[in-house]
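As recorded in TrEMBL, the features of this protein are as follows:
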type: DOMAIN; residues: 222-297; note: domain 'CAAX prenyl protease 2/Lysostaphin resistance protein A-like'
type: TRANSMEM; residues: 20-37; note: transmembrane segment
type: TRANSMEM; residues: 57-76; note: transmembrane segment
type: TRANSMEM; residues: 88-107; note: transmembrane segment
type: TRANSMEM; residues: 127-148; note: transmembrane segment
type: TRANSMEM; residues: 168-184; note: transmembrane segment
type: TRANSMEM; residues: 204-225; note: transmembrane segment
type: TRANSMEM; residues: 232-257; note: transmembrane segment
type: TRANSMEM; residues: 263-282; note: transmembrane segment
type: TRANSMEM; residues: 289-306; note: transmembrane segment
Amino acid sequence: MKKIIHYLLTHIRQDFTLRTYGLVTLFLIVSISFNYYVDLEDSIIDSYVGSPQRYLWYFLLYSFSYYGTIGILRITGQLSKKSLDKNFWVYSLFGMLVLSIEPEFSYSVGSYVSKLDSSLYYWNYKLAHELAPLVCTLIPLALFYVYYRPRPETFYGLTFYKVDLKPYFIMWLIMIPPIIWASFQPDFLETYPTYRSPLPDEQLGLPKGVLAFIYELAYGSAFVMTELIFRGFLVIGIAVIIGKEAILPMVVTYAFLHFGKPLGETIGAIFGGYILGVIALYSRNIWGGVAIHLGVAWLMEVAAWIQKGLK
């Protein structure tokens with residue numbers, strides 16, 4: 001915990017200015033308010049589900065969030081014009097492209113696979129949907145890392161070298177009591193577990209516990225991919241070019257990622273994204289973010305499975 005606090009205090013001392021953080025906060029307030037007022041993602045962007053136009057909508061959404069923040073950093077002088085060279089534009093545009101592909105790609109793959117066996121429609125859809133980011137995120141980033149320079153020493157923080165997960169285990173222990181309390185609330189059980197249908201144990205001839213484990217592994221892989229693109233590529237990767245200024249654009253874009261979720265989650269994503277971004281920047285790996293993100297998600301899933309039973 002001391003190391004994490006040290007990272008945060010060091011970064012805030014070096015990075016914080018009232019003007020920059022104030023303008024970024026204002027940008028977030030206006031953008032979030034507009035999204036929830038017009039229901040931008042759920043009512044407008046998602047109306048194009050199954051259409052190539054949805055890729056364009058997400059590209060425009062994430063580009064607006066990212067480059068809008070870059071513009072603020074330029075206005076306040078925290079980012080020089082010289083920093084925004086060809087490498088920055090190649091890196092950042094590629095990142096926006098990868099982000100914009102995932103929502104529609106995951107839906108399309110899930111829909112296609114689910115139709116292969118009508119008796120396993122929901123199971124196939126959920127599994128394919130959760131595993132799709134391994135294709136549309138991991139593969140493009142791996143190819144980019146191999147063929148494009150400059151690049152960080154490791155594959156965007158996906159390394160176990162000098163990784164210390166002990167502080168995150170403490171965080172898990174701290175989170176257990178509130179998650180147990182939350183698991184008794186009706187709205188919690190309306191959301192978790194994220195697998196919302198009876199497990200197909202009879203069709204597949206496997207115990208329900210095994211099927212739940214398989215699904216949770218797939219569910220967890222999507223969180224790893226989220227950390228890889230946001231904290232790995234958009235922080236550790238782009239920091240090779242613009243240094244610590246990589247964090248704020250990532251944070252705002254991460255908040256935009258949550259536009260289809262409840263307002264509280266979007267606001268929480270701002271603080272969570274900032275903390276995880278700082279940890280990634282200073283530790284040079286994404287496993288802290290994976291441990292927090294995935295650990296809390298799995299704790300909520302386990303609590304819900306226990307409450308509902310393996311049905």
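The backbone N, Cα and C atoms fix where each Cβ goes, glycine too.
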Intrachain residues whose Cβ lies under 8 Å of the transmembrane segment (88-107), provided they are six or more past its termini = 49-50, 52, 54-56, 58-59, 61-63, 66-67, 70, 129-130, 132-133, 135-137, 140-141, 144, 148, 229, 233-234, 237-238, 241-242, 249, 253, 257
Verify whether three or more Cβ pairs under 8 angstroms connect the transmembrane segment (204-225) with the transmembrane segment (289-306), leaving out any pair fewer than 6 apart in sequence.
-> yes
Long-range Cβ neighbours of the transmembrane segment (232-257) (under 8 Å; 6 or more residues past either end) = 11, 14-15, 20, 24, 27-28, 31-32, 35, 61-62, 64-70, 72-73, 78-79, 83-85, 87-88, 91-92, 95, 98-99, 141, 150-152, 154-158, 226, 266-267, 269-270, 273-274, 277-278, 280-281, 284-286
Of 57-76, 127-148, 168-184, whichever stretch has the most CB pairs under 8 A to the transmembrane segment (204-225) = 127-148
